[in-house]
Structure formats: structure tokens, C-alpha cells
Amino acid sequence: MLKLQEDTESGNRSFTIDYDNNQFLKDGQPFRYVSGSIHYFRVMAAYWPDRLKKLRMAGFNAVQTVVEWSTHEPEQGNYLFTENQDLENFILTAQEQDLYVILRVGPYICAERDMGGLPYWLLKLHPNIRLRTSDPAFLNHVDAWMGVLLPRIRPLLYENGGPVIMVQVENEYGSSGLFQCDYQYTSHLRQLFQHHLGSSLVLFTVDNPSGNNLRCGKIPEVYATVDFGLDKDPEQQFEQQRLFEPRGPLVNSEFYPGWIDHWGEPHHTTQPKALVKGLDNILALNASVNMYMFHGGTSFGLTSGSNVGSKFQSCPTSYDYDAPVSEAGDPTVKYPLLREVIGKYLPVPHGPLPPTSPKGNYGKVALNAVGSLKALASFLPSVTAFWPQTFEELGVNSGLVIYSTTVPMRMPDPARLALNDLHDRAYVLVNGKLVGTLAREGDMSELPISAPRHATLDLVVESQGRVSIGRHLNDFKGLTTNVTLNGHVLMHWQMTALPLTDTSNLHTVISHFPQDILHSLTGTPRGGLTMYSGMFNITDEDPHPLDTFLKLDGWGKGIAWVNDFCLGRYWPDVGPQVTLYVPGAVMHRGDNTLLLLELERAPCNHPDSCFVTLQNHHQINGPTPPEF
């Protein structure tokens, strides 16, 4: 663990708002920040010094990060603050790189994360919970969580010798799309933060300044800031801030160099010159600003969320965001341009600009079928119930659940299978044969099937990430209502969860699988619903494993692991993300394992075609279907 810097006695350190002169004061002197967002949980801890140094070398003087409740408390009472979850180490690493820190501790963060960063077990414990409100069922857990988190942050505050200058309360609460403005909730958070962090810390909120967002999001005694992108006039946006903060510094807490991506949509980009001009216009108003994101990183594992607008849309694994530093940590064309414009207003560090890092071109990795999901599931515990249960009722955070039942009576041929409110995607099998797919994306909830009496009906249901914003945060996964066949409600279900993020358990299952049938147990004729594994070697000639990118030509949709580390979801068929980022930090010299769960199809009709490729370039702007 790094230690706090002691160059200034903590008693002489202060960070405040000077309302008379519309500015921040640091140690009594005028100060403004130009910060960039880096989410520590989207970057391997081994790379934190590199990414933070690149932020400082670009001229930024602060880093902004969000604190994700579900990362640190994935199950109730199970707290994680080590390795990639070591928030304190990230903060101290930022201080070591001469950066101040702005924390956004939620409890809700959005950030295109599963359930906006809230832990799924809130829904398990309280199915009727009203999230982001003064509902005691929610506030009691918030109080307990903040009682663990905030005492860890207090020693890291600027006044105590640390780099943390500001802490955000909630996140875009006025822009949340909730049914009401619960001022009791937001005031409770203010009091909670002040109790744990003291009354002198600068607390702030952020909201999009359109409509009534600022009115709903404003909290007494908490400084209100705004967020906006390139398509807005800074002067007009700051006029809206002035309606709620007549005096004090102008602040844009989220200035966007790119935007959110969804599966099936083109990758969002912005023109470098337009970005630089937009930042220049903000800084010319003597405003402070945070660039969201400076380095987007990766939603490793199954942590990416989804959105519901006119339709359901899930987010890809990459969170590149067309940021100044790419997903793999390389400066883009935007980087030197931003350094130049920031240099007009703040001193920038001397020294050469950071170069791109070399990438590994490790070539083809041959894969073999391990077995079908249905066969693997036979080695795992199951739950039986009269009605189908949601992931949350089963205590399952993410991944897959196999729902199985039998057809109780003779049905017309075909019969209409209906999965209303399916969350999110289901592969339908009758007597082990894949007969179709239903999906929330296209509102495809019904399928004609041939299902004779006593036939086995299996529904392999995938969660594609809980909704991250708006009124649909209570996004239960799996079969959320009864299943009907020609209007007849199906009962007596067996449910088996696949431990997709618990690879040690998964490998235990695989190791006990009968070896003589490994190559014969594929889930569908096209090789879907099947696990595949392979090995690749990194020679001793390499000083250390290099970052690389997993290319999945011919594969359909699934999840990938390297050495038990879940890289995330892949879906090259719909794009825009074609390859998965593989950090060198998850590999080692010698033999490395690669595991795929392929849900739809595999290019394995011939052994020579059953492979993936580890290449030295990323593809996150691939083609997308015209209609998806």
C-alpha cells in the first residue's frame, strides 16, 4: 500500500468554494481543475500508474472516478478492497502521479454498468424495493455500505493529507427519469456523507441542465454542477447552473469525447478538432471541467449494463468511448491536441509524450469442444419449483440459467410458446434440439414449436446486463413471468445456474467430465450452447506478456476467459465490437488457457477451422446489421 504524501501539514490544507469570486480555493489560493475520468475497476491494477501518468502528462491536474457498490460488495456483507478493487491504492497512485482526485461514490453511479452499479442482491432480498428513494429497505443497506466505504475515504481527503478534493452525492438524480423527486432521500445522503467525511468537504451534484433536472437534483448545502457535450453552447448551459448556484465556480462534470455504444449500433466517435474546440470554449469561461471519459477501459466479466429507450439495448464489453486514451491504454490523435489546449490555461508537465505500447501477435489458438451446457449442467446443483424463478430469487447475479420442464399434455402442432417479459435472451430446446431463439432486443417473445406430450422443454436464458438508468433499474433477470404453451401455463420447473464468473467451479465440472465423449457433446448442430477450451504458449523470449486482442472469426455470441479471468461478452455478428481486449497482466510465460462459452455457432465443422486468433490490433468499429 502506498502512503499519504506529507509535504504539507494536513492542518494547513484546505479546499473550499469562494462564492464571492466564483472560484475554488486550494490552500487559500484560486484553483480550477481539468480532470479526466478513469474507472479503476475497468483497468487492471497493474496498469493504474501508466494510465494516471498519461492523464497527468496530457495536462490534466485531477482524476475523477466512480465507486461501484457492486464491485466492492458483490454479495451482502462480502467486501472486496484488494487487487483490482483496491480503491485506496488507486487514489494514492493518483497522488503519486501529482493528480488530485474527485470521487463519485453514488450509491448509484450509472456508468453503463449492470444495475447502475447497485448490487443485484438488493432485488434478491427486497423484490419490491424502491431504488434511489427513501424507502427504508434501500436506505438501510445504503447506510451500511457507506458506513464501510466512507471511513476508508476520510483519511484520503485533501485536508487530511490525501488527494481527494471533492465527493459527489448520488449521480444525475434529477436526470434519473424516476417518478418523483425524493428530497428526503437526497438530504439523507448529504447528512450521511457529512457524518462520515466531515462538514468542511466540498460535496457536489451533477445533472444535465435540461428540463427540471437541476431542480430535482439540487440538494441544500451541496454544490450543483452540470454536464453537457459538444452539441451544447457552454454559455447557455452554465446559465442554467447559475439559476441554482448564482455564485461559485462554473463546472461541467461530464464533457464527452465520445458516447455510449450498444450492440448492433455503429461505434460512436467525435472529431478531434471539434472536441478540442469545445474544451477550449469551456476553459475560456474560467470553468472547471471533467472529461468523461479520458480512458474508458473495459467492462470485464459480465458487468456491462443495458438501456431501455424505445427498445432494450445491451452494452458491449469495450468501454472505449472514443476517449483520448484507447481501451488498451494508447494515446489517440486527440491526446496531443488536448494537451496543447490545456497548456493555454494550466502548466503542463515537461517531457516526451507517452508512446503507444507494443501489442502481442500470438496467432491462432486451436480449440476443442468440452461439452454441451446441458451436459455440464447435469454435474451442477439445481433448484425445483412450481413456477419459474428469476435469477435474483435463485441468488444468481449474472450469466445463464437453464430452465427445464416437461410438456404435460397433447398440444396442437405447432403450439405457441410465449415468454412474456423475457429478460433477456432465451435459446429454446425441445428434447435437446434447438428450435429457436427469443430475445428482448426485438421484443421477440413468442415462438411456434412442435412439442409432443412429455417432451422436455429447455430454456437457456441469458442475462445481457441489467438496465443502468431510468425507471427500469429493478430489472429482474430470467423468466420474470409464467411461461405458456398455447395459453396453458407450464409448471414444475427445474432450474440450473451456470457459474460463469466462478471459473474455478466451472473447471472442476469440466475436469470431471467423461473424457471419451468430450468431442461428441456439442449443444446444437452448429456448435452452439457448448464450451470450448484451448492452450497457447508465451515463450521465455518475451520479457513479459503483451496486451493482445481476441479475434473470433466464425464464432457467434458468447463469453471468453483467459486463465480464469473473464474477459467479457463477445458478439461479432452484430458488432460494433469485433475483438476482445486481453490485458497482458492476465497472462504469463508458458502455457495459458483460453475458454469460450459459445451460445450460437462455432466454426468447428473441421478441426483445422476450430480456432480463435490473438492479434495485435483492436476492432471496435465493425459492421452492424441494418436492423437489429
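From the backbone N, Cα and C atoms, a Cβ is placed for every residue, glycine too.
What TrEMBL records for GLU172 is active site, proton donor. Within the same chain, the residues at least 6 positions away from GLU172 (active site, proton donor) whose Cβ sits under 8 Å from its Cβ are CYS110, VAL206, ASP207, ASN208, ASN213, GLY217, ASP227, listed in sequence order.
Other C-beta atoms found within 10 angstroms of the C-beta of GLU254 (active site, nucleophile) number 22, with every protein chain shown included. For GLU254, the entry in TrEMBL reads active site, nucleophile.
The annotation domain 'Glycoside hydrolase 35 catalytic' is assigned in TrEMBL to 23-344.
Per TrEMBL, the feature domain 'Beta-galactosidase 1-like first all-beta' maps to 388-498.
According to TrEMBL, the feature domain 'Beta-galactosidase galactose-binding' maps to 529-592. The residues of the domain 'Beta-galactosidase galactose-binding' (529-592), classed with DSSP into helix (H, G, I), strand (E, B) and coil, number 3 helix, 31 strand, 30 coil.
For the domain 'Beta-galactosidase galactose-binding' (529-592), the mean pLDDT of the prediction comes to 95. Taking DSSP states H, G and I as helix and E and B as strand, the domain 'Beta-galactosidase 1-like first all-beta' (388-498) has 0 helix, 52 strand, 59 coil.
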